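As given in Swiss-Prot:
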type	residues	note
SIGNAL	1-18	signal peptide
DISULFID	CYS21-CYS69	disulfide bond
CARBOHYD	ASN25	N-linked glycosylation site
DISULFID	CYS35-CYS84	disulfide bond
DISULFID	CYS38-CYS122	disulfide bond
CARBOHYD	ASN42	N-linked glycosylation site
DISULFID	CYS46-CYS100	disulfide bond
DISULFID	CYS50-CYS102	disulfide bond
DISULFID	CYS105-CYS112	disulfide bond
Amino acid sequence: MKSVQFCFLFCCWKAVCCNSCELTNITIAVEKEECGFCISINTTWCAGYCYTRDLVYKDPARPNIQKTCTFKELVYETVKVPGCAHHADSLYTYPVATACHCGKCNSDSTDCTVRGLGPSYCSFGDMKE
């Protein structure tokens with residue numbers, strides 16, 4: 001019985017104390033205005049949960065920073081969007097996460113909104129395979 005209780009407590013501790021922020025494969029819609037359509041690209045990004053709390057009493061002397069699962073390291077890859085007109089710039093550079101961590105969302109490089117457009121949003125509505 002004690003081993004069952006220990007396993008239960010260990011699992012609870014792991015769920016609360018350990019972050020599950022990790023690399024995951026996603027598909028994003030890539031669009032170039034000059035081309036007039038979107039293509040799908042597979043890339044790697046960060047997803048998961050981070051320990052956070054929302055205090056009832058907001059202390060103005062201590063900022064309340066909500067941590068989110070975000071990239072720690074990035075590389076950039078470039079792809080050629082097929083089917084663009086010859087005069088159009090058909091190269092598209094996009095970020096690929098190589099390491100993740102729980103930290104403050106950097107609004108200079110990341111969409112930190114609660115409900116963004118999402119990675120598969122295409123403003124043209126036309127998705128090429």
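Using N, Cα and C of the backbone, Cβ positions are placed for all residues, glycine too.
What Swiss-Prot annotates, mapped onto the structure for a quick look.
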| residue | record | CB count, 10 Å |
| --- | --- | --- |
| CYS21 | disulfide bond | 22 |
| ASN25 | N-linked glycosylation site | 9 |
| CYS35 | disulfide bond | 21 |
| CYS38 | disulfide bond | 21 |
| ASN42 | N-linked glycosylation site | 9 |
| CYS46 | disulfide bond | 21 |
| CYS50 | disulfide bond | 16 |
| CYS102 | disulfide bond | 18 |
| CYS105 | disulfide bond | 16 |
| CYS112 | disulfide bond | 14 |
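With respect to CYS122 (disulfide bond), the closest of these disulfide-bonded residues in Cα terms is CYS84, chosen from CYS50, CYS69, CYS84, CYS100, CYS105. Within 10 Å of the C-beta atom of CYS69 (disulfide bond) sit 20 other C-beta atoms, taking all shown protein chains into account.
When the C-alpha distances from CYS112 (disulfide bond) to the recorded positions CYS21, ASN42, CYS46, CYS69, CYS100 are tabulated, the minimum falls on CYS69. Cα of CYS21 (disulfide bond) to Cα of CYS38 (disulfide bond): a distance of 29 Å.
Long-range neighbours of CYS100 (disulfide bond) (same chain, six or more residues apart, CB within less than 8 Å of its CB): CYS21, GLU22, LEU23, CYS46, GLY48, CYS69, THR70, PHE71, LYS72. Cβ neighbours within 10 Å of CYS84 (disulfide bond), excluding its own Cβ and spanning all shown chains: 17.
A Cα-Cα distance of 41 Å separates CYS84 (disulfide bond) from CYS50 (disulfide bond). Here CYS38 (disulfide bond) is positioned 32 angstrom away from CYS50 (disulfide bond), judged by their C-alpha atoms. Distance from the CA of ASN25 (N-linked glycosylation site) to the CA of ASN42 (N-linked glycosylation site) is 7 Å. With respect to their backbone Cα atoms, CYS102 (disulfide bond) and ASN25 (N-linked glycosylation site) stand 18 Å from each other. Nearest to CYS105 (disulfide bond) in space, judged by Cα atoms and limited to the recorded positions ASN25, CYS35, CYS38, is ASN25. Counting Cβ atoms from all protein chains shown, CYS122 (disulfide bond) has 16 others lying within 10 Å of its own Cβ.
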